[in-house]
Amino acid sequence: MKNRLLWPLLALAALLLLNLVVTPSFFSLRMQDGHLYGGLVDVLKNGAPTLLIALGMTLVIATRGIDLSVGAVAAIAGAVTCVHIGTSGSAGTAFAGMAIALVLCALLGLWNGFLVAGLGIQPIIATLVLMTAGRGVAMLVTEGQIVTVNNDAYRQVGAGFVVLPISILISLLVLGLVAFATRRTALGMLIESVGVNPEASRLAGVRSRTIIWTVYVFAAVCAGIAGLMISSNVSAADANNAGLWIEMDAILAVVIGGTSLAGGRYSLTGTLLGALIIQTLTTTVYTIGVAPEVTLLFKAVVVIAVCLLQAPKARAALSFRKVAVS
Amino acid sequence: MTTLAGGVRGVPSRFLPVLATVVLFVLSFGVGAVRYDGFASGQVIANLFIDNAFLIVLAAGMTFVILSGGIDLSVGSVVALSTMVTAAGLRAGWPVPLVVLAVLVIGSTLGLLMGLVIHKFDIQPFIVTLAGMFLARGLCFLISVESVSIKDRTFRDVATAAITLPGKVTITYNVVIALVVVFAALYVLHRTRFGRTVYAVGGNESSALLMGLPTARVKVGVYVISGFCSALAGLLFSLYMLSGYGLHAVGMELEAIAAVVIGGTLLAGGVGYVLGGLVGVLVLGTIQTLISFQGTLSSWWTKIVIGALLLVFIAVQRTMVRR
């Protein structure tokens, strides 16, 4: 376990060290009007949606699945809420809109779960359907416009502060809940057993299908909340660009954190580290002054490096060389 | 489906998905022909090919990868990188043949690298090609963050040249190249040892290995083919757009995968045809044309319809596999 988290930890440490050398102000924190400001807080705030989606993704991947539709689901959540709020400024409307959006997301998760567990379709393809159609649906909801709202209650979700940004508090709360629900009960083990062998776990009395449905619904709800954060942060719903590529970032966070795409084991701490690494990397690239678009290049390098370090075959080749040298 | 199955008794069931796609294409085109004046003209069909030539080439490459049981998410980004290299190379005054060669070499090399990582280190194709996707897009922006237009005379002449077919239908050189690629892919897949091994690896890799087939070469080879096809598609795309831009072809990998799946290729690998991918692209193109002829429907309906089609096809495939 320790060994698996070592590389992600080292990578994060290296990134932070780089920041320390290049931009010392990165680590300065200051309190202002009861808010904490600073580079690290920015990383947490901007990384909150990715972390949240990655948490849902971790459980899906642990069952040997994958959910490509989370970005589209996030866009739908933002679109539905913003359209519901409209010009209203009342907190009640905002909460009603968010509730409607999250219920809708849960239904979308049920749909994914139905395709995967009910019809037995490969997860990549099953969720590809919603990934393609979902953005169309989001645009249908917003009628192709960027819907802007002006609602203080809604803005709190993505841009509010209670000392720390509210968005990261929500993500950490979900992390805590998931960790408790899966590591303090048998649920985590059941999820892993489904990932190792769905058929064998079914024969052993595990309700594989119910578990698969549950993780997809959970992933969709996480994506929904993340979508609310993204849209609330800018007080607008952009059906085209909200949550674009976030499914890829989330999958990367999960993989960097040491969860195998082959299913069967997962690490929530690893996912947290992975999400932090990705966000720190993005922020670092900004602060160093490289064109933000080139971040992709760094991401690619990090992904390949971490994957190689974790791949058994690559490790074998590496340790063989060490033995040969010594 | 029942009427279809009844009407084609005697046809091996492996052809059914492709046939279903062809029927779908004819039906959707028929709907357009009945509802709109001027839809059923040779030029509309020719335009389907002209507007989707690059997608046809991508789908051909993707068919190889999916048949072998893998997936390639990097194709859209490699298309973008190719347009960027083309535009930047021509701006720097390189001769056209050199630019073409450079693009094709870059695409194939990226494919080779991804294939080697996938095979040598046993990492999922999904993750490796995802990294490839980020890498290629990052490289685009490293060359230039802005859109670069192509002003080279030779290149523009090729792009705007029209070949007139009988019946006053005009096509571009893009279409010719795309069709040549499809036929080459057909030949390689059905008439060479490599092609048969692709099917064998996709069907059951361990069996293929135990039979003594060169699985390693095939597993890496399909990604080289896909990389080459993406680079070529990128060249066609630069001819079509006459510019290079890092945000070209965003999400095109999904369109290519959707076309291949709608064309009846099984994502688990081992079952499918290059022609299926071609017809799949034509179906997607027809839907877009239908929506633009309709005029009142907004473009986002395209995405919803494509999603629905994907769903229908994978559901049908699923029931066929179970049988």
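The backbone N, Cα and C atoms fix where each Cβ goes, glycine too.
Annotations in TrEMBL come from automatic prediction, not curation.
As the structure is a computational prediction, the values presented were derived from the model and not from experiment.
For the transmembrane segment (B:15-36), the residues of the chain that approach it from at least six positions outside its boundaries are 1, 4-5, 8, 44, 262-266, 272-273, 275-276, 279-280, 282-283, 286-287, 289-290, 293-294, 309, 313, 316-317, 320, judged by C-beta separation under 8 angstroms. According to TrEMBL, the transmembrane segment annotation covers B:15-36 (among others).
The transmembrane segment annotation in TrEMBL covers B:48-67 (among others). The list of residues near the transmembrane segment (B:48-67) in space but at least 6 beyond its ends in sequence, with Cβ under 8 angstroms from a Cβ of it, reads 75, 79, 125, 171-172, 174-175, 177-179, 181-182, 185, 189, 198-199, 202, 222-223, 225-230, 232-234, 236-237, 240, 252-253, 255-257, 259-260, 263, 265-267, 269-274, 276-278, 280-282, 284-286, 288-289.
Among the features that TrEMBL reports, transmembrane segment is placed at B:98-119 (among others). Within its own chain, the transmembrane segment (B:98-119) is flanked in space by residues 70, 72, 74, 78, 81-82, 85-86, 89-90, 125, 128-129, 132, 135-136, 216, 219-232, 234-235, which lie at least six positions past its ends and keep a Cβ under 8 Å from the stretch.
Feature annotation from TrEMBL assigns transmembrane segment to B:125-150 (among others). Same-chain neighbours of the transmembrane segment (B:125-150): 65, 70-74, 76-78, 80-81, 84-88, 90-91, 110, 113-114, 117-118, 156, 223, 238, 242-247, 253, counting only residues six or more beyond its ends whose CB sits under 8 Å from a CB of the stretch.
What TrEMBL records for B:171-189 (among others) is transmembrane segment.
Among the features that TrEMBL reports, transmembrane segment is placed at B:220-242 (among others).
Marked as transmembrane segment by TrEMBL: B:254-287 (among others).
Taken from TrEMBL, the feature transmembrane segment applies to B:299-316 (among others).
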Tertiary contacts of the transmembrane segment (B:171-189), as residues 6+ beyond its ends and Cβ separation under 8 Å: 46, 49-50, 53-54, 56-57, 60-61, 63-64, 67, 158-159, 161-163, 165, 195, 198-199, 225, 229, 232, 236, 239-240, 273-275, 278
Whether the transmembrane segment (B:254-287) meets the transmembrane segment (B:220-242): three or more C-beta pairs under 8 angstroms: no
